[in-house]
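In TrEMBL this protein carries:
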type	residues	note
ACT_SITE	HIS106	active site, proton donor
ACT_SITE	GLU673	active site
ACT_SITE	GLU673	active site, proton acceptor
ACT_SITE	CYS707	active site, proton donor
BINDING	GLN88, PHE89, ILE90, ASP142	(6R)-10-formyltetrahydrofolate binding site
BINDING	571-573, 597-600, 630-635, 650-651, LYS757, 804-806	NADP(+) binding site
DOMAIN	318-395	domain 'Carrier'
SITE	ASP142	site 'Essential for catalytic activity'
Amino acid sequence: MKIAVIGQSLFGQEVYCHLRKEGHEVVGVFTVPDKDGKADPLGLEAEKDGVPVFKFSRWRAKGQALPDVVAKYQALGAELNVLPFCSQFIPMEIISAPRHGSIIYHPSLLPRHRGASAINWTLIHGDKKGGFSIFWADDGLDTGDLLLQKECEVLPDDTVSTLYNRFLFPEGIKGMVQAVRLISEGKAPRLPQPEEGATYEGIQKKETAKINWDQPAEAIHNWIRGNDKVPGAWTEACEQKLTFFNSTLNTSGLVPEGDALPIPGAHRPGVVTKAGLILFGNDDKMLLVKNIQLEDGKMILASNFFKGAASSVLELTEAELVTAEAVRSVWQRILPNVLEVEDSTDFFKSGAASVDVVRLVEEVKELCDGLELENEDVYMASTFGDFIQLLVRKLRGDDEEGECSIDYVEMAVNKRTVRMPHQLFIGGEFVDAEGAKTSETINPTDGSVICQVSLAQVTDVDKAVAAAKDAFENGRWGKISARDRGRLMYRLADLMEQHQEELATIEALDAGAVYTLALKTHVGMSIQTFRYFAGWCDKIQGSTIPINQARPNRNLTLTRKEPVGVCGIIIPWNYPLMMLSWKTAACLAAGNTVVIKPAQVTPLTALKFAELTLKAGIPKGVVNVLPGSGSLVGQRLSDHPDVRKIGFTGSTEVGKHIMKSCAISNVKKVSLELGGKSPLIIFADCDLNKAVQMGMSSVFFNKGENCIAAGRLFVEDSIHDEFVRRVVEEVRKMKVGNPLDRDTDHGPQNHHAHLVKLMEYCQCGVKEGATLVCGGNQVPRPGFFFEPTVFTDVEDHMFIAKEESFGPVMIISRFADGDVDAVLSRANATEFGLASGVFTRDINKALYVSDKLQAGTVFVNTYNKTDVAAPFGGFKQSGFGKDLGEAALNEYLRVKTVTFEY
């Protein structure tokens, strides 16, 4: 079919290209005259194809069509006029001329919102449904017969741009092509527009976009987003005209605390907060505005309104202006179709592709003495003006992501000075808790106070969740590629390695971890975990699934693995950094954001970790850390409606409570690593030297504060006495002392309450008749030291045979020679199933026992051998879900099934 395309813009260009691909002959393109020397994209594309292009400044004069214009049009012999987007008034002599007439695209569901600002009014009226119409052209009043319509949901925070980019642009192009196809096939309907529900609104202009404050918050929000970005909803305040952009009704967790912004006519003054500008409707409900344009045209973050000029556009020095012009030349070379690169020039709308991003980054690196930009920096600052601002900030070393004021507690210890943050970490900033609440964190080596740490309250949890949600839904984290996400995690792991001695020192101070063990395990395995999951980031993928075909059509079904959203991670006190890393690394690799609650008694490495995330460039709000009590912080995370996943390590009792809260609140996903009473079976045919060595490690590793510690050793009768003799001999060689001393084997227990429980545990064992071979008492020195302890003659009914000590207490029971099934029955007679072990030289026995043991991990001729690539988690009341390995990723992902028909 011979088609004349009348219109302009990228939308017109795409429709033109698609029509040619469909095989239609575009006999002419009519577009607007060049503006400031720049041709419209539609005209540029047609000229490249050798299609005649006409750029009439007007089509008629004094109400009459211009004869010369009509003659040039008629000479083309068009059979159909297609008007994808046209700002000019086209006379009826042209509209009616082709055999098939003319069709026009209109961005609303006609007859609603006739007029030139249809998208604006769809949003201003708060319509829940939007869409577009393609109709047979009339005399310019948008009343022609309908050819086709397509609708979409209007999201609560949609703006003109988001609605256009998400639906009206891509689906509108397809709709125009479909309409032409229907016409060529003789199947195009002509449906008269109903008058019921018809509306006509005028063009939105700046002078008519002033905000009326005497209406509910939702109506104000709709007005702001309906005028975003053009013409811009405005008000007068602080003796100037302020224009508001990026409005949202999602104010969950926001507290209206900050600097008041009086607004004439408003129900209440606005409040400038760290999240943005909070505004109020006459119903006292809130909305949040994130960007403000000042009267001089400068666009600033609303949160920076009272921070002065430094928060708005940078004034460039002469040297920086020279750099800017050099970068402008780079843009000009990459974008040959752009006649002149202006501040408003958009890199991608001007035709740049992903390969051009790489080129730009490399050229800037060469131009700016090795300055490292990320590909994502280009995507986040896509106009030339914004890009120069970002570039200059990075050259000055004050780019936004790096700005953070940290109040350190400094200590000279372990031949170094350690610097420890002690405040809550929310939205990329270290802040005091609500009401300036704090708690003491204690050094278990001597019982002294290390420092006061901010103690999070319920309102702090709400703020942190809101920050995490905003980072997930609107921030850079959700926009960068999976590979770039992995690169940030690798960078974080490198920083942890650079600070490993400081981190290990803090673990020794705050948790009593033996320094050498902290270096290897607490910190070393944490680094390995982040590196392992960083490598997974770009390997998370779904699958294609063959399904029954809907004959005569065909189907394609695929799955997508997506992040779940905001996750809450509640970690224990025995491995503060390592448990954080096991869960957080998988969580971030999957693309989620997180609120971490470290144990109240061991918060310091978690806060140091938070500092390192900033240095690594992890975007603000992705990681949040809230020291505090489980009853407040942990409970609120479990109850919070915006948290979609809880990962918890701790007691079975608390785990059950969390599971119940997760179910009642919003059926959030949950994984639990809970208590254990791990059996270790030692057969007479074992390597006894190794069994003694590993048996010692299975109990006394990390002072017994180890979730998979062997809670009960079953030793075959014929080697029982020799095994006990050797164990006691080794126990007496252990050095109990300062965890920072390099020759210390056994440090203090984590905190005083735990020490007291260990003493009560041992007293119970003695009272029930078990034999206390050694230990069982507090070490007579300052701090929370407990003697390595060994019990024998422990019978199945005893308390210490059934309950874990979570301390350095070895529980030994005998079993009869050769009675494999009986000892297996005793080993499995527990509601716990976290780990287990067996020592034997008989491979058949080892396989049989490992098959029968009811535990998530079985160690054979070893113990405590965990690895970042091997999944870790329990059975029964030891919980469900996995940390580590590929399996851990599934805890933080959801699977979406998508089915196509074609």
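For all residues, glycine too, the Cβ spot is worked out from N, Cα and C.
GLN635 (NADP(+) binding site) sits 61 Å from GLN88 ((6R)-10-formyltetrahydrofolate binding site), taking the CA atoms of both as reference points. A separation of roughly 62 Å, to the nearest angstrom, links the Cα atoms of LEU632 (NADP(+) binding site) and GLN88 ((6R)-10-formyltetrahydrofolate binding site). Taking a C-beta cut-off of under 8 Å and a sequence gap of six or more, GLN88 ((6R)-10-formyltetrahydrofolate binding site) has these contacts in its own chain: ILE6, VAL32, PHE56, ARG58, TRP59. Proximity of the residue listed as 'active site' to non-local residues of its own chain (separation of 6 or more, Cβ distance below 8 Å) is seen for PHE648, THR649, GLY650, CYS707, LEU834, PHE872, GLY873, GLY874, SER878, GLY879, GLY881, ASP883, given in sequence order. The shortest Cα-Cα distance from LYS757 (NADP(+) binding site) to any of the recorded positions (PHE89, ILE90, HIS106, ASP142) is found for HIS106.
Fewest Cβ neighbours within 10 Å among the recorded positions ILE90, ILE571, LEU632, CYS707: that distinction goes to LEU632. Residue annotation for (6R)-10-formyltetrahydrofolate gives GLN88, PHE89, ILE90, ASP142. The furthest Cα pair among them is separated by 14 Å. Here HIS106 (active site, proton donor) is positioned 15 angstrom away from PHE89 ((6R)-10-formyltetrahydrofolate binding site), judged by their C-alpha atoms.
Remark: of the binding-site residues PHE89, PHE806, the most isolated position is PHE89 (fewest other Cβ atoms within 10 Å of its Cβ). Cα of ILE90 ((6R)-10-formyltetrahydrofolate binding site) to Cα of PHE806 (NADP(+) binding site): a distance of 83 Å. Averaged over the domain 'Carrier' (318-395), the predicted model reaches a pLDDT of 85.
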